[in-house]
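Database features (Swiss-Prot):
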CARBOHYD  Asn110  N-linked glycosylation site
MOD_RES   Ser356  phosphoserine
MOD_RES   Ser359  phosphoserine
REGION    115-206  region 'Alpha-2'
REGION    207-298  region 'Alpha-3'
TOPO_DOM  333-365  topological domain 'Cytoplasmic'
Amino acid sequence: MRVMAPRTLILLLSGALALTETWAGSHSMRYFFTAVAPPGRGEPRFIAVGYVDDTQFVRFDSDAANTRGEPRAPWVEQEGPEYWDRETQKYKRQAQTDRVSLRKLRGYYNQSEDGSHTFQRMYGCDVGPDGRLQRGYDQLAYDGKDYIALNEDLRSWTAADTAAQITQRKWEAARWAERQRAYLEGLCVEWLRRYLENGKETLQRADPPKTHVTHHPISDHEATLRCWALGFYPAEITLTWQRDGEEQTQDIELVETRPAGDGTFQKWAAMVVPSGEEQRYTCHVQHKGLLEPLTLRWEPSSQPTIPIVGIVAGLAVLAVVFTGTVVAAVMCRRKSSGGKGGSCSQAACSNSAQGSDESLIACKA
């Protein structure tokens, strides 16, 4: 699934980076592929997005006017025409493979052509501060449910049901795991290192959250305290509530971290407290951009104005991300089990020209 021509150059580049560069914390590169088949025999829509950490850097949409891979980050725009040609061909091949897989999966599950169906894939790699592989993954889902996943050993598969076992047997016979493992341990890590170097001003920054607590009366006896964290990057953050110094785990409303639309993120955590006891509750915030964790209380005399415009913008971006990529929310969960892997044969799987950061095109289901 990868073009070998530039591999020697990339190996030299990644080796140099490994010797000269270290990165704070771990980093990840992930691709999300989604194929949606409409009812009947219409052509499936295929959408692909790529992320380094929490930053989208590439997108492809088979329904777009310009069906090419599109840069979504300044640091990837510097890649030349050959890079974008390879990216585009990768996505087009994957779209063709997923079209076949959707047809086969309908047969495996004995489904008619009346309904709409979705086939998803998420794959990628994580590296540590030393730039070495920490973890690789390749997970597939059908209609929002786990289908098959590469195990943590990168040598074997876990099938979610009897239909997925059909795919598992095909992939084991094709020795597909071995080739995917070679990609995850090799080119995936190499290109992630390259992106981290090229985009270090963006990808390795740490923007601390802007925080405050708001008070919302419910009745004469209760009120909601909401702890806000806005404008932070990267997305990983921890918000907790304590009562008299003891962490509260029950009845906490915690929203998922949301994109703000400007490259940063938003999050809040809320809980209902007895009126008059608000000062017994503290919100605790931990984030990479903070020198030390923050502790906040509601200050009755200085209720801040909630930045509704920014929050609405964040929700709008979230909606676009969800509907445009239809990807992460229902991706399969990882499983682990033992087993033997192998190397993918051309006869069983699409074997693309290899290059840049493109993964092996997934075998047909």
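Yeah, the Cβs are placed from backbone N, Cα and C, and that goes for glycine too.
Mean pLDDT of the predicted structure over the region 'Alpha-2' (115-206): 96. Long-range neighbours of Asn110 (N-linked glycosylation site) (same chain, six or more residues apart, CB within less than 8 Å of its CB): none. Taking DSSP states H, G and I as helix and E and B as strand, the region 'Alpha-2' (115-206) has 38 helix, 30 strand, 24 coil. Shown for the region 'Alpha-3' (207-298): DSSP residue counts in helix, strand and coil, namely 3 helix, 56 strand, 33 coil. Under DSSP, the residue listed as 'N-linked glycosylation site' is assigned to coil, being neither helix nor strand in the three-state scheme.
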